[in-house]
Structures are given as C-alpha cells and as structure tokens.
C-alpha cells in the first residue's frame, strides 16, 4: 500500500439521482411516512402499556417489534431526508459505521422477534391448555432479551471486520444510507471475508428463521383445520394473518436483497427494495396489526373516549 494513499474520513450518500423538484417532493412524502411510522408504532407501544388486558405474551412481543421499527426508521430515515435537501452533505466515517452497525442490529433483532412471535402463535393454537405454563413471563422476557443480544453480537462481528478496512477508492456511497454491501465496494483491500460473512449471516438469520416460521405455520394450519366451529377457525386465522403479512413483507424483501443472486439483479432495484424494507415496512406494521386486531382497536377506542371525557 503506497504511502501517498489518501484515506477517506467521510462519505457522500448518492441516494436517488433525481431532479431537485422531485427530491423536494420525496422529502415531503418521506417526512410524512416517517411521522406516521413514529406515530403508529408509538401508539401500539402506548396502548399495550396502558391497557392491562393487553399484558399478554403476544402483545409483549408486539411492543418489542414496534420499538424495533421505531429504532429502524430513526436510524436511516433522518439521514435520507438530510440528503434529499442537501445531496452533497457528507456523513462522517464514525457516523457511517454507527449507522451500519445499528441497521444490522435492528434488522437481525426483528428477524428473531418474528420467529419468537410465530412460536407464540404456535403454542397458543396447537397447545392452548399448556400455553400459560410454556409462555411464562420469564420465558417471554428471556426470548425478547436474547433476540436483542444476538442482534447486537452478530452486528458486532460485521463491524469488527469492517473497521480495519481502508477506504481510498471513492467517498461516494451508491445508497441512501450506509448499507454494508455498498460500503464494502469502496474498500481498497480484499473484502472477500466480509462478503462471505454477510452472505453467511444473511442465510443464518433469514433462511433458517424463515424456515422455522414456515414449519410453525404448517402446524398451526393443521390445528386450525381441526377446529370444529367456523367462528373458532375465523378467529384463529385472524390472529395469525397479521403476523403472516408482516413476515412476508420483511423476509420477502430481505431474502431478495441479501440471499438472492449476486449477479443479474440491478443495483437500483435492490436499493428501492431496501427503501421499502426500511421506510414502508415499519410504517405498515402497526396498520396491519391494528386493522386486523379487535383488541388493539377496542383499546384505542377506549383511550380516545377517555380523552374526550377529560
């Protein structure tokens, strides 16, 4: 490595190559989506905390999912909004590495929380008489905390491998935030180990957990079909359909981006997929759960009636 090599200490996020007018339109639109994300997920967390009838394992995990979605959006969207207003405004090296680490942490944690939530539904429908014994508060807390810890530890592995790399090729990141594969393309050193770990990590936290969710829901479907009453079947399907929608949105986009073919898939297409993944998914999750969930809707109505009475 030459002594005259200049190392990069800040990056410029290229974002989306659009006209200034279109960038201002996207700024207004994404700001609105961001506000809806914070409001929707914040409302879910608030309702679960306020109503003791929602103090059950299912809503306990849902509150953690809402917190992850808030953190997910707060990590990527503000920087994206800044770049829409000022496309050449740089992000520091430390800020970029922090954003990469936090994105991976929240993404992995959400993967694992969705698995835990599917297991909760499996126990509730397939083993209803043993549900309280199996899904005790100690077990639920352990599952939630373990999901967060694994998310942090796996992200630390990627960060430790990323930090020693010198960046001297270019300071322009072809993305709207510091996404790890886009950052690796700027390194002026061998990144084969990093790329292998990204793929291995994606397979371990996406394909493996998704397979376990599929198995859980296969068992759930079998149990639902054995229910005699149509009302019981309808209620069971309604309980699981919200979670299945969220699983499909999250895992579908994530698997295409990180486990799909390395070649032949346009970079811009994956960038827009990740935009959907990081901006629209967190906004849609509270809508999916609240629209399909009578408990959440009833709690919201009670809170609104109480506020009007005051």
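Heads up, the Cβ atoms here are built off N, Cα and C, so glycines get one too.
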- Task: Check each of the ranges 97-117, 118-138 against Swiss-Prot and return the one annotated as transmembrane segment.
- Result: 97-117
- Do residue 232 and residue 299 end up on the same side of the membrane, going by Swiss-Prot? yes
- Of 41, 194, which one does Swiss-Prot label N-linked glycosylation site? 194
- Item | Annotated transmembrane segment segment (source Swiss-Prot; candidates 25-45, 172-192) | 25-45
- Query: Taking 97-117, 205-225, 274-291 as candidates, which has the most Cβ pairs under 8 Å with the transmembrane segment (54-74)?
  - Reply: 97-117
- Query: Looking only at residues six or more beyond either end of the transmembrane segment (205-225), which have a C-beta under 8 A from one in the stretch?
  - Reply: 108, 111-112, 114-115, 118-119, 121-122, 125-126, 154, 233, 236-237, 240, 244, 247, 251, 254-255, 258-259
- Message: Does the structure show the transmembrane segment (240-260) and the transmembrane segment (97-117) touching, where I'm treating 3 or more Cβ pairs under 8 angstroms (sequence separation 6 or more) as a contact?
- Response: yes
- Between the Cα atoms of residue 194 (N-linked glycosylation site) and residue 178 (disulfide bond), find the distance and write it as a whole number of Å. 15
- Task: Please list, for the topological domain 'Extracellular' (170-204), how many residues fall into helix, strand and coil according to DSSP.
- Result: 18 helix, 3 strand, 14 coil
